[in-house]
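A.B. asks: I have a structure I would like to understand better, so I am pasting it below and will then ask my questions one at a time.
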Amino acid sequence: MNSRLAPGVSMSYHEGMAERERPLRGMDIIHDSRSNKGTGFTREERRNLGLRGLLPYQISSQELQAQRVMENFRRKENNMERYIFLRSLEERNERLFFRVLMDNIRELLPIVYTPTVGQACQQFANIFRHAKGFYITPEDKGHIRDILNNWPVEDVRIIVVTDGERILGLGDLGANGMGIPIGKLSLYTAAGGIDPLRCMPVMLDVGTDNTELLNDPLYMGWPHARLRGREYQSLVEEFVFSVQDKYPKALIQFEDFATPNAYHHLKRFRQAVLSFNDDIQGTAAVAVAGLKAALRISGTPLRDLRVMFLGAGSAATGMAHLLTRALMEAGLSEGEARKQVQFVDEHGLLISSRKDLTPQNIEYSVDSEARDFVSAIREFEPHAIIGATGVPGTFSREVVESMAAVQQRPIIFALSNPTDRAECSAAQAYEWSSGRAIFASGSPFQPLEYEGKRFEPAQGNNVYIFPGVGLGAISVAASRISDSMFLAAADALAARVKQEQLERGSIFPPLTELRNISLDIAEAVALKAYEQNLARYPHPDDLRELIQGVMYDPSY
Ligand SMILES: NC(=O)C1=CN([C@@H]2O[C@H](COP(=O)(O)OP(=O)(O)OC[C@H]3O[C@@H](n4cnc5c(N)ncnc54)[C@H](OP(=O)(O)O)[C@@H]3O)[C@@H](O)[C@H]2O)C=CC1
Ligand SMILES: CC(=O)C(=O)O
Ligand SMILES: [Mg+2]
């Protein structure tokens, strides 16, 4: 048991959580999305809360309201309309929004998350209705701790922060990237059971180098070129330390930073602050889980697995790092494990003589005559290729055919988001490999038939990981997040894949199980925290029950 408590960290999850009471009545309660039930208010509530006359006569159950919402949702003409509709619902009636999201996660995930959230970021100014989240600009330098007091919640537990420089595979979207922290936090609640009151989306709006946005009079962000260098770093530091001061129990998830900054922040804060980088570490765990499940289909032992990454940025190098750890757990030395991982980027195979290697990928560089992707595949004969380039079409027919020539069951993960950035589509992977590919993609592809056989392509996305990691970490007040926690998360995810799913080619469990998956992951992460002496709350009698007990329920 470890009861080292940081200043401001109490002994249990719920302690210190009470927010200032705001007795609401009448129209105020209807305009407060957290309290509002719309037509769900009972006769008695209507009498006691001054609501008589303010609502139509009929009282609807939450189930009936949800049915009404889904009918309206399905009548919308396109996904952007659906996105706007759902976000407006959240602004009116938060519990109904989460009820609907949780009960229809398969149908709604592509709207609140990738691919539609990418489009929503691109059109952020055009669809803007209502400010949500917290914006920090360079003009707030020296005042961040003060302005955090403007946030109306006393006890925040999860913060997702971006600076908008690498939004999915869409590049620098400046302050429009706020759609991503908002979307990720909706999933923290729907999948990870974190009370939305405890969630805070943050945009570090340090400008943008996207000239189209800078020239757009509708752009709503800080209209300057990106802050860089020391000034940028010191703004990020001020933000992190202000958060620690105001919200000492909060986990900070860094999201969609450009690679050099992503690694800089990870290195700077990972030991001292409860934080992680989702693109580097969350993606890594989902990939390791997917590979482990895929190996159950191909029959290849983990210690023999060879993987070639296309792209050598934050997502790919994060995956390589955790995969190396997994291979070491399977009995290889670090050197042996690294030899089983290779990278190809825009300029070809990462060979030792290249001058553009980074600290994250240099250890994987090789001596080889091969240069381009296809000849590197022929030489290395990887069991898996994993794309994290943000560039569509990079898994060409020749690439997939080469994989099918060297492996009976080639593993092909096209992880770039949104859908139109995927390295190849599910249909292409199956067709070009004569139905032999074991496929996953970052954004969803519909089930399909190839030569009379039905395939259900899996979605290899960090949404399977971050809600559970966050839930586990804050349930025990972890002091930091370790690599071992991500390996534990990967194992918990892989363990949920059933044989019958593998037979349909699906290497991740159904998204409808996200809440239970997150609970399993949270338990595994929390156990790891106790094992590694990183938990700051005393060990409970029943860890799973404790975690389950803190999970948000949107029912009235
Ligand atoms: N499925 C999931 O859960 C996740 C998916 N992703 C996706 O991964 C993608 C990459 O993210 P991230 O790693 O942060 O981005 P980066 O920009 O850091 O990395 C992209 C990498 O791809 C390389 N690249 C670019 N063009 C090509 C090309 N034509 N052929 C080969 N390599 C190329 C780049 O090389 P260079 O630097 O030389 O340009 C760079 O190494 C994004 O689309 C993102 O949506 C990210 C996180 C999670
Ligand atoms: C999924 C995700 O985190 C990304 O594409 O950046
Ligand atoms: Mg991301």
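Here the Cβ of each residue, glycine as well, is placed from N, Cα and C on the backbone.
All TrEMBL annotations are machine predictions without curation.
Remember, it's a predicted structure, so these values are computed and weren't measured experimentally.
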A.B. asks: Which one of ASP216, ASP279 goes with GLU255, ASP256 at the divalent metal cation site, as TrEMBL has it?
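C.D. replies: Among the candidates, TrEMBL records only ASP279 at this divalent metal cation site.
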A.B. asks: Sequence gap of 6 or more, Cβ distance under 8 Å: name the residues on the same chain that satisfy this around ASN417 ((S)-malate binding site), in order along the sequence.
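C.D. replies: Set apart from ASN417 ((S)-malate binding site) by at least 6 residues yet with Cβ under 8 Å, we have THR114, PRO115, GLY118, LEU168, GLY169, GLY442, SER443, ASN461.
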A.B. asks: Just counting, how many other CB atoms are there within 10 A of the CB of ASN461 ((S)-malate binding site)?
C.D. replies: 25
A.B. asks: For LYS184 (active site, proton acceptor), which residues of its chain lie six or more apart in sequence with Cβ-Cβ distance below 8 Å?
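C.D. replies: The list for LYS184 (active site, proton acceptor) reads TYR113, VAL160, PRO201, GLN253, GLU255, ASP278, PHE466, given in order along the sequence.
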A.B. asks: Cα-Cα, whole number of Å: ASP256 (divalent metal cation binding site) versus ARG166 ((S)-malate binding site)?
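C.D. replies: That separation, Cα to Cα, works out to 5 Å.
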A.B. asks: Roughly how many Å separate the Cα of ARG166 ((S)-malate binding site) from that of ASP279 (divalent metal cation binding site), to the nearest whole number?
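C.D. replies: Rounded to the nearest whole number, the Cα-Cα distance is 10 Å.
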A.B. asks: Between 0 and 100, where does the mean pLDDT of the domain 'Malic enzyme N-terminal' (90-270) sit?
C.D. replies: 97
A.B. asks: Near ligand 3, which of the recorded positions show up if the criterion is a Cβ under 6 Å from one of its atoms? Options: ARG166, LYS184, ASN417, ASN461.
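C.D. replies: With ligand 3 as the reference and 6 Å as the Cβ limit, the list is empty: none.
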